[in-house]
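Taken from TrEMBL as is:
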BINDING   A:Cys12, A:Cys92, A:Cys186  [4Fe-4S] cluster binding site
BINDING   A:His36, A:His70, A:His120, A:Thr158, A:Ser214, A:Ser215, A:Asn216, A:Ser258  (2E)-4-hydroxy-3-methylbut-2-enyl diphosphate binding site
BINDING   A:His36, A:His70, A:His120, A:Ser214, A:Ser215, A:Asn216, A:Ser258  isopentenyl diphosphate binding site
BINDING   A:His36, A:His70, A:His120, A:Ser214, A:Ser215, A:Asn216, A:Ser258  dimethylallyl diphosphate binding site
ACT_SITE  A:Glu122  active site, proton donor
2 protein chains.
Amino acid sequence: MKIELASSYGFCFGVKRAIKIAENAKDASTIGPLIHNNEEINRLEQNFNVKTLDGINDLTDEKKAIIRTHGITKADLESLKNSGINIIDATCPFVTKPQQICEKMSDEGYDIVIFGDENHPEIKGVKSYAKGKVFVVLDESELENIRLSQRVAVLSQTTRKFEKFSQIVNFLMLKVKEVRVFNTICNATFENQEATRELSTRADVMIIIGGKNSSNTKQLYYISKQFCDDSYLIENEAELEKSWFEAKNLCGVAAGASTPDWVIQRVVDKINLIKGEM
Amino acid sequence: MKIELASSYGFCFGVKRAIKIAENAKDASTIGPLIHNNEEINRLEQNFNVKTLDGINDLTDEKKAIIRTHGITKADLESLKNSGINIIDATCPFVTKPQQICEKMSDEGYDIVIFGDENHPEIKGVKSYAKGKVFVVLDESELENIRLSQRVAVLSQTTRKFEKFSQIVNFLMLKVKEVRVFNTICNATFENQEATRELSTRADVMIIIGGKNSSNTKQLYYISKQFCDDSYLIENEAELEKSWFEAKNLCGVAAGASTPDWVIQRVVDKINLIKGEM
């Protein structure tokens, strides 16, 4: 069995940047998980004493608060500012952008449509910057019975699939006169998705590595599953099962934007070990 | 053989309005054909002495100039204004709109992409309102090697098919950060297209009536041809051929937005006559 890594995988610019920021902010606390990867969060706590709080209400006598890559709501940011705490902003710049777009378009009188998961922290943050009407949807059908203004601005969670975004835009084009489209799907996400797609069409088993709460990792898994039935989403090497690799010729490996190289390496080493035992 | 008219066909709002304007402008001259229908243009000349000029250069001692439904270029409009002639504007309001959008978006620094035929008078007019970069395309492939700004406004010739417009928008969404989409395809066009599509899936012969220089009529013909091999585009009843109707069960009839009811009626009468002879 051959093992092949996707041509694009793992850490994106925003995650690398956030980790660097956290490593330089010893003893700080992040408001929610810095990135959606427990392995890396544990490493930051062990090596740099960077703790993870559930939200701003859990702050007690902390001196430094790190804003996670996914950003926080405008209200939470205001509270932090008022509290006088030292704020260290690790929001991915590709997430700050949709926040700004949402605020500006709202100011200009557009209804806002956000393609994304309304329970995801990134989207909670982005949505909080809208002043007027804002709708968060995962599918265009959710807009069917909504009365929209004739001027709609539409943007996407950074980690979503382009095809669905484009379906939502098409739906809006038929419904309203002006659709102002901001393609806020980040390039790294797009590249990881394309690489996973390509590899999964050739592999007969696919291992997707990343946090199970990671939106972009889950997208990779869904894409892979479309082309390769035997696709598995794992957080670390302990989850690998020997039976997955029996009678397989090509094992593809892909990883989400928040998956550190050292976790990927451990998984690959373990697959090689299993392969040796077969 | 049954004869069935499409559930939506013929004259749109803009054409009806232009004809009313022309009928009230006896002895005037239009700058280019008022609408793309020779039958109706001849009627206007015979009954109201409304003549058709090729362009503003053909104006001599005319007192009144009618601007055609498709509009004219900004430069031509300026010349007319400077000449002191009495200008009667029969531009379809749904064409004035993309002219205004083109000018405004250009002013705001957007590159402009127009989906349409650059040789069509409507598009010559709309395009003339752009001050910066403007690209007229019939297919997204024409944009592949063009260096676009990250902010693009896109609009359509009023008579085009939505599916292709949406493909162009999708292409742009992948290429630039902001795509400001103005769906300027007019409703009447869209409704005539949908009705033609529906009827052509059921009919075994389709007669599309309208000017052979009429963009919207040609679109109806292309749509019809997709679903019904035996589709024919004719300008009047003289073009009908008996052989088209042999062994057919359902004859569908559709007509472009510039096709007058009296022409449609003559065609239907003639098909009935042919039917009687079979």
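Every residue gets a Cβ built from N, Cα and C, even glycine.
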Review point. According to DSSP, which kind of secondary structure is A:His36 ((2E)-4-hydroxy-3-methylbut-2-enyl diphosphate binding site) found in, if we only use helix, strand and coil?
Key: coil
Exercise for review: Sort the recorded positions A:Cys12, A:Cys92, A:Glu122, A:Cys186 by C-alpha distance from A:Ser214 ((2E)-4-hydroxy-3-methylbut-2-enyl diphosphate binding site) and give me just the closest.
Suggested key: A:Glu122
Review point. By a simple count, how many Cβ atoms lie within 10 Å of the Cβ of A:His70 ((2E)-4-hydroxy-3-methylbut-2-enyl diphosphate binding site), its own Cβ left out?
Key: 28
Review point. Tell me which residues of the chain lie with their Cβ under 8 angstroms from that of A:His120 ((2E)-4-hydroxy-3-methylbut-2-enyl diphosphate binding site), as long as they are six or more apart in sequence?
Key: A:His70, A:Gln157, A:Ser215
Review point. Want to know which binding-site residues, from A:Cys12, A:Thr158, A:Cys186, A:Asn216, are within 10 Å of A:Glu122 (active site, proton donor) at Cα; which are they?
Key: A:Thr158
Check your understanding: Counting all other Cβ atoms within 10 Å across every protein chain shown, which of the binding-site residues A:Thr158, A:Ser214, A:Ser215, A:Asn216, A:Ser258 scores highest?
Key -> A:Ser258
Practice item. Please find, for A:His36, A:His70, A:His120, A:Ser214, A:Ser215, A:Asn216, A:Ser258 as listed binding dimethylallyl diphosphate, the greatest distance between any two Cα atoms, in Å. Key: 15
Review point. Near A:Cys12 ([4Fe-4S] cluster binding site), which residues of its own chain have a C-beta under 8 A away, given they sit six or more steps off in sequence?
Key: A:Cys92, A:Cys186, A:Ala188, A:Thr189, A:Asn192, A:Ala257, A:Ser258
Review point. If the dimethylallyl diphosphate site is taken as the center of the Cβ atoms of A:His36, A:His70, A:His120, A:Ser214, A:Ser215, A:Asn216, A:Ser258, which further residues of that chain fall within 8 Å of it by their Cβ?
Key: A:Ile35, A:Glu122, A:Thr159, A:Gly211, A:Asn213, A:Thr217, A:Gly256, A:Ala257
Practice item. Just jot down the residues in the same chain as A:His36 ((2E)-4-hydroxy-3-methylbut-2-enyl diphosphate binding site), at least 6 apart in sequence, with C-beta under 8 A of its C-beta; none if empty. Key: A:Gly210, A:Gly211, A:Asn213, A:Ser214, A:Ser215, A:Thr217, A:Gly256, A:Ser258
Point to revise | Neighbours of A:Cys12, A:Cys92, A:Cys186 excl. site residues, C-beta within 8 Å of centre, [4Fe-4S] cluster | key: A:Phe13, A:Gly14, A:Val15, A:Thr69, A:Pro93, A:Phe94, A:Val95, A:Thr158, A:Asn187, A:Ala188, A:Thr189, A:Ala257
Review point. Over all shown protein chains, what is the count of other CB atoms within 10 A of the CB belonging to the residue listed as 'active site, proton donor'?
Key: 26
